[in-house]
Amino acid sequence: MTNTYRDSGRAGLVDERQFVDILEERRHSSDLGHALRTFNPHPYQGAAPCSAAELNKAVLEAQYLRYVTKEIAMETGSSVEEVRKEACGILEEMSQNLQLGFIRLMGYTLTKVFKRLFTSIFVNMEGLNMLQQAIQETPVILMPNHRSYVDFLIISYILFTYDIPVPVIAAGIPLAGMKMVGEILRRSGAFFIRRAIGSDKLYWAVLSEYVKAIVRKGYAPMEFYVEGLRSRTLKSLTPKLGMMHMVLEPYFKGEVFDITLVPISISYDRVLEESLLAHELLGVPKPKESTMGLLKASKVLQEDYGTMHVNFGRPLSVRQLCHGKINRCQYNLIPRDLPQKPTAEAQACVSWLAHLMVRIQEEGSLISPWSLMACLLLQAPITVLTEEGLLWQQLTEKTLWLRKLALDYGARLNWSGQAPDSDVMSSAVALHCSIVHRKAGRVYLVQEEELARKRPISLEEGVTRTAAAVLMLASYRNQLLHVFVRPALLATAIHITKSTQRNELFTFFCFLQDLFSYEFIFIPDKLSQDFEEACLLLKKCGAVHISQQEVTLSDMGLEALSFLQALLQPFIDSYQVMFRYLSEEGVNVFTEKQFLPAVRNLATKLILSGELHTYEALSSDTQKNVLSALRRLEAVTKLRASEQNEYKVNKAAVRRTGDILSGKIPPQMLQTTPDARL
Amino acid sequence: MLYISTKYQIIRKDFPFYLGKTAHGGLWVQIKNLPGHLPKESPSHVQEIMKWNGWGYSDSRFLFNKKGQAEFTGKRYRLSGMIIPGLKDWFECTFGASLQHKTPPLLNSSAVQPPTLNEAFVEELKSTGIPFSQDAEDRVFRAHGHCLHEIFALREGKFGRVPDMVVWPNCHNDVVKIVELASKHNVCLIPYGGGTSVSSALECPPEETRSIVSLDTSQMNRILWVDEKNLTAHVEAGIVGQDLERLLNESGYCTGHEPDSMEFSSLGGWVATRASGMKKNIYGNIEDLVVHIKMVTPQGVIEKSCQGPRMSTGPDIHHFIMGSEGTLGVVTEVTMKIRPMPEYQKYGSVVFPNFEQGVACLREVARQRCAPASIRLMDNEQFKFGHALKPQVSSIFTSFLDGLKKFYITKFKGFDPNRLCVATLLFEGDREKVLQHEKQVYDIAAKFGGLAAGEDNGQRGYMLTFVIAYLRDLGMDYYVIGESFETSVPWDRVLDICRNVKARIVRECKERGVQFPPLSTCRVTQTYDAGACVYFYFAFNYRGLSDPVQCQNLHAAREEILANGGSLSHHHGVGKLRKEWMRETVSNVGMGMLKSVKDYVDPNNIFGNRNLL
């Protein structure tokens, strides 16, 4: 039962026959014809079509919302009618208004856009067929990863093309604010959720009733991003549990027989927002979503973005997944529509499922040759990339080596054997001419010219300039981190502790997993399995011998071992910089707004002095992750009374964490219980 | 009888009633006086008129005749001797079964183990003159109830542990003697009433090493007195439902307690399992009907000292007895409330566009507390099943009329024949009130899209209840097995539990390799202020399966019920089939309470059927 969610024997080179290029047909037949095609999907059995107005009415009349309304009226002293009106307003702002006409319009526009941007959009037909089946049997939740704004409507587009009910989609409220576009999205099935809802009880109530009503009615699949938002680093994000819980609750409470989760992995050869994202990470603020912005971005549309893969995962039965994980009898003694805090058991189950979905998304995503190359480029010294150039020969040889390792580790590579390998790598570099360029047998990092032209740039600006390119490279590396992260943690543990004792390595492995829990996504309470997997994979590439007690190095796999260890080095270095800042330079109490620029300055200084070798320390994402990790380890605490999100640091604890990470404190000194906090 | 025959005119033989017409044109019902039922001289006689490996009377069964048409044999029921043209198609389409593939029962009854006798007990019993038997047939007949697995095993000629002897006490004092002797000689006693248990309650615990004696109460079947001033009757507990009603009817009274098994089940069994009757809305369930109970236990006789209608004397000791499932003693005599027979009775039915509307209507009826004597809601599958059981119609006019009705409902009113469902109603009381009541209920139904669909449909619905058990035997002749089970659940969960349990059955069957989707259907059979009783049926074609009984997945279905807020049982009881869930059902402390009662009343586990705890 535990492995039912795994695709068996599907790893490795991707069988291209399974994937169909949906743009192929669009290039040969009329776009308008496609938009006006007969759309006659088969929804969840017995589910009557439900108009937006009917849905909203059902939500407002729900007993649950009535309870909450009454409660809030009592607490605030306002009348029930006033609270109800407010709820109406929230619902109005939130609700989708899915209309077939707009789906057609969207279909027409997207065909035009997609054809311009992508050479092809590959979709796995097997997954689509299974989805079609599943949709007729239970309510379906579509759970794609989110790497680009482009993928917002891609699922709807595909489902429309293949006569499957189009989904309603959870979207961030900023999208709703865009003139026209917001309304078009709304009518294409988007519903809008505010960011940072915090403790707004009424808002939570309306949202959760809305989501649950959609799931219960089951007339359309629901799509949402379990990661909450678009990942700026192309790395998976820690899943958000609120929405996941709302979606699952109708099953927990027996309001539906089952719910089907369909993980969807969307992978890009090249992401539209690559440069924008890198700059955001460096502290250049994200432009507000606006229609004008969208139009301005149209120059982005002139470029080539290669192919996009949409991989529909195997539909998963929530009922099967939750078997033995949740006792549904817990809802027997209290009216089900009474507002109730979820039990620890329910929370754990939701969290587990959410993490599992992220893991499956990762496993289902396709890794491009470019990701392999980006990985290796990042491991070259920065001066080589910016000045001397990396030998093409060297890069390609190493890339082929890495390709083999990745395949051994079960990665799904988008690297067909049909074209010669050299052509594949050349075209990958050509596609990413915004990041690297190839000249005279060497590869160089592209530095932004705009900045350079205006005036002679300062040293600090030079750092930022290089950092932008490095962060872009890093984002493509991040696409394949999940393949290597477990053995890499073990390789790092071996490297830092110099230990061969299995239990010591396990302790350190747990420490690393805990420390990097915001960096890499692990399914909770699966430490031993992760460790076993790491051992197995290291053994597979000949790097270690494994016995009951010991993990000993072998001469055979030094190359793999050093690659894996180098893969995590930027993270370790970045974390150490921030530990250093917090434990030595910074003040005891600070806000996030103060913290980010301060560590950025420190990192820049260290890079310039040659002490720090990674530019990734400049990424605000990494910086925030460090804060979260330290909070988790209770070395940093959030001050409750503070209104501005102030943090208080325990310098000794931070220092100790840094010392463990650098190997100054041997693993014997760590507590051996895996979940023990430091 | 005189009273009735002057005032009423019998219009047709019915099952298990006589159906007649009153002078006012209303219908009345009279329990039939069945000939040859349990003559006192030969207690073993019952096997001759009842099947030993199936349901009900030997002369009544479904079969497919040479033309491939279904018919129901015998003369006892309304359907008896009739051709049922729609059944074959329904049977073949629903189960993917074929009349070519038969699975007749095996008839070797030689495999019964020789009895383990306690000689000292037998000797002393002989001296009391109470009749007993060690005959294999007598013993096998009392070794089972009517769970699917029990009947299936019998048909395959498999008998597990069976009682070692059967004893037939004739009165309360006989029981006292038997229990004393059993205690003295450490013999295990298993009380046996009508044998209609569906909880494995009658199964002999295989680990029992003592001699097991089946205590058959069937000879204690007299009405000892009727108290017309207080409207009570004092009855021996072995009396069977239909006999009790018939005898009381003769003096113009009834108990109104009509469980679906009333042809065969006994008063003592009702008390021991907390039974529920179809017309509980008027008469109440068994716990509302009993005024006084006498039970013989190894510690002596337990009873109350008076017949006060309600008492505040600590926890009601009746509630230790009711639902004790034969683990504490034998119920020997019961004082029950009786009522004058109703002047007027009328069936009815309502068609709803879908099950959701139907449930909403029943809920509203319960809210307004205006439920008729019986109100039941069948789902779409059962509605179709009911249709398949229509006997051949005699006139072209009737069939034309049926066609017209169907046209009206599906085409004119736009009901989807694959979604609509039907509620069956039974009204009872004086004529004026019945008609008024009827109007009230139909008015409520109309608010939920319900259309009155005639008396005939209603009546057929109730008939279904009685013949469905016979149908299971027919299915078993052709690789189709089926089972039913029930629960009670709060109103807001009714729809969810119906959907989820039915879906669970379908999914479990699929996962266990059942080739053809099972028939998975339910109905709401009772309404209460705070909830309803739901009854599930399922059946499937088991060709190609190695262990069909395992595939029935009662366990999974019950877990689904519990996870959806349903109870472990509404009226079937726990027995051994459901006892694994008792602890979570009543909590640790509750379990301890029950155990300590058992430990006090029966420290040597004389009543060792191991039900419940």
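The backbone N, Cα and C atoms fix where each Cβ goes, and this holds for glycine too.
Database features, via TrEMBL:
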- B:Y535: active site, proton donor/acceptor (ACT_SITE)
- B:191-197, B:273-276, B:325-331: FAD binding site (BINDING)
- B:R472: substrate binding site (BINDING)
- B:159-341: domain 'FAD-binding PCMH-type' (DOMAIN)
- B:R376: site 'Important for enzyme activity' (SITE)
Assigned conformation of B:G326 (FAD binding site) - DSSP reduced to three states:
coil
Please report the number of other Cβ atoms within 10 Å of the Cβ of the residue listed as 'active site, proton donor/acceptor'.
22
Can you tell me which of the recorded positions B:G194, B:S197, B:Y535 is spatially closest to B:R376 (site 'Important for enzyme activity')? Compare CA atoms only.
B:Y535
Nearest to B:R472 (substrate binding site) by Cα distance: which of the binding-site residues B:S197, B:G326, B:G329 is it?
B:S197
Confidence summary for the domain 'FAD-binding PCMH-type' (B:159-341), mean pLDDT rounded:
96
What are the sequence-distant neighbours of B:G194 (FAD binding site), meaning same chain, six or more residues apart, C-beta distance under 8 angstroms?
B:V240, B:G241, B:S261, B:F264, B:S265, B:S266, B:G269
Just to verify: the residue among B:S197, B:G326, B:R376, B:R472 with the fewest other Cβ atoms within 10 Å, which of the recorded positions is it?
B:R472
Just to verify a number: CA distance, B:Y535 (active site, proton donor/acceptor) to B:G329 (FAD binding site), in angstrom, no decimals.
29
Helix, strand or coil at B:G194 (FAD binding site) [DSSP, three-state]:
coil
Count the Cβ atoms, other than its own, that fall within 10 Å of the Cβ of B:G329 (FAD binding site), considering every protein chain shown.
26
Using all protein chains in view, find how many other C-beta atoms are within 10 Å of the C-beta of B:P191 (FAD binding site).
28
Where B:R376 (site 'Important for enzyme activity') sits in the secondary structure, as DSSP reduces it to three classes:
strand
